[in-house]
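Straight from Swiss-Prot, the features:
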| type | residues | note |
| --- | --- | --- |
| MOD_RES | T185 | FMN phosphoryl threonine |
| TRANSMEM | 25-45 | transmembrane segment |
| TRANSMEM | 89-109 | transmembrane segment |
| TRANSMEM | 124-144 | transmembrane segment |
| TRANSMEM | 212-232 | transmembrane segment |
| TRANSMEM | 239-259 | transmembrane segment |
| TRANSMEM | 265-285 | transmembrane segment |
| TRANSMEM | 298-318 | transmembrane segment |
| TRANSMEM | 319-339 | transmembrane segment |
Amino acid sequence: MAFKITSSPHVSQGIQTATVMRRVALCLIPGILVQTLFFGFGSLIQLCLAIFTAYLGEALVLKARGRPILITLKDNSALVTASLLALSIPPLAPWWLVVIGSLFAIIIVKHLYGGLGHNLFNPAMAGYVVLLVSFPLQMTSWVAPQGIALNGVDALAAMKAIFAIGPSLGNDFYRLGVDGIAMATPLDTIKTDLSLGLTTLESFAKPIFDGSYGVGWFWVNLAYLAGGLVLLKLKVIRWHISVGILAALFVCASFGFLISPDTHVSPLFHWFSGGTMLAVFFIATDPVTAATSPRGRLIFGASIGIIIYLIRTYGGYPDAVAFAVLLANMCAPFIDHYVRPRTYGHRSAN
């Protein structure tokens, strides 16, 4: 008798991988549309570049490994990986940046460990961290959101900036944001201002903030929240990791905010800034690299929320989502080992 050996998780819900990945990609659409509305067509161009590169890279690796190409490409996992990476990088980043990140995510992080179901780390976040460490200037040059940008960025301008076409030789002109500096995200601005001795209230007076939230970023996170709730409704993901992240981040931020509101932002600011909601529902919930038991998923999510807060508040990077997810990925086997449900029998009476 022949037995088929497959990768974990071994619990089947009757939904094919391609269907799950397609639903995840579809639920990203609200966030993609809002992100494009506020930050221009660069996000869509980066998305197309990442998807094309990811599929091409996966096809080449599958051919080299002697694996079926078309069947594997149809599982849509490369689509989700490419989308998450593209949505995490600046819209006007040079074209080669997303190409390098996509190839690294697919070839090194995913297929070097055996392909889908065998990778230890989230491919999109691993690709993002490699780009952030290798090219920090390009990875932190965001455009100003619509409404406060000195220069609007239409589709043609975005293409010129991304592909370095025309006399501008890149996107420096289009990256000019508020106060004559290259665009700083709300998290960047808060961290910089606090290091200069300003209070959060003084920082919130800047044009990049709309009240207590960053212009554009609140709505982007709200859109990803809406897409994430649909994923929960469709039972594509379970609630444990998402709740763990949000609860831990809320509790940690609440302590800091209550103790010193002049030097700590509110929990809701943490929730609706940077890539929080994208990570909460679309990145951290990757079943391959996360903990598997319900209690383990809660611990896994809580660890991500705590790490996000610690790095954002005390670390050198303003948005810590990628680092938090990768560190939690490292701990997932440890969590699964010590937080295992009692499958058979019961605890003996003392």
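Keep in mind that glycine also has a Cβ here, set from the backbone N, Cα and C atoms.
The number of other Cβ atoms within 10 Å of the Cβ belonging to T185 (FMN phosphoryl threonine), over all protein chains shown, comes to 23. Long-range contacts of the transmembrane segment (265-285) within the same chain, counting only residues at least 6 positions beyond its ends with a Cβ under 8 Å from a Cβ of the stretch, are 24, 27-28, 31, 84, 87-88, 122, 124-125, 185-187, 190, 200, 212-214, 217-218, 221-222, 224-225, 227-229, 231-232, 237-238, 241-242, 245-246, 249-251, 253-254, 257, 300-301, 304, 308-309, 312, 318-319, 321-322, 324-325, 328. Against the transmembrane segment (25-45), stretch 212-232 shows more Cβ pairs under 8 Å than any other of 89-109, 124-144, 212-232. According to its DSSP assignment, the residue listed as 'FMN phosphoryl threonine' is coil.
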